[in-house]
Amino acid sequence: MEIYPAVDILDGRCVQLVQGRPEAATVYGDPAAWAHRWLDEGADGLHVVNLDGAFGRARKNADLIRAFTRETETFTELGGGIRSVEDAAGWLDAGVDRVIVSTQAVREPEMIRTLAEEFGGERVMAGIDARAGEVMIEGWERPAGSYLSWAERFESLGAGSLLYTNVDVEGLQQGIAIEPVTELLARVKVPVVVSGGISSPGDVAALRDAGAAGAVLGSALYAGKVRLPEAMEAAHANE
């Protein structure tokens, strides 16, 4: 199982939010410095979120993200504010390995098929942000149907992987809820990366044993509640 530290960027700075709220941001400083630190500690890749894009400022941080993507030369997946095929293509052409499309994939599901046909499914990840079994879109404000049904649909449209975020536990550093993860893994064949609430090597091990392909570490990693080497050891045990 792969481990992807989150590098969430708001107004040019690395931040962590609680429950997706910008007013609850904790600022950690230079995103590039954090990216290099996590890679030096052995991360399998980076999970980059352009929060300004998610909040409607699509191109903000673009130069910064492009620069450290080129510098690090590591696997990078990116989400946040991807509202069109053109947005996604711009990031993929800039060197991002995989784009994450969430709200727009629900609004315009055929976008997944178009991107998969043009760039290959392995570079297209559908984001599934769920609360109480419902996909949440538009900043986690509006429910849009069963997360399991959407997962199956995205898979059928050609998404090469899924990012599952449990909104109920995201940013709280209180541990994962494994049941919805196992239900999702039983319904799809594509790799599933899990985000939200991962706060200990035990959480990582539970996801590994369930069959998740990867885990995104965010708030607990930056707060020092979990150390990256310990998470990596749990992720790669038995390999």
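Cβ coordinates are placed from backbone N, Cα and C, and glycine is handled just like the others.
If you look up Swiss-Prot, you'll see Asp8 marked as active site, proton acceptor. The annotation active site, proton donor is assigned in Swiss-Prot to Asp129 on the grounds of sequence analysis.
The CA atom of the residue listed as 'active site, proton acceptor' is located 16 Å away from the CA atom of the residue listed as 'active site, proton donor'. The Cβ of Asp129 (active site, proton donor) has 24 other Cβ atoms within 10 Å, all protein chains considered. Note on Asp8 (active site, proton acceptor): other Cβ atoms within 10 Å of its Cβ, all shown chains, come to 24.
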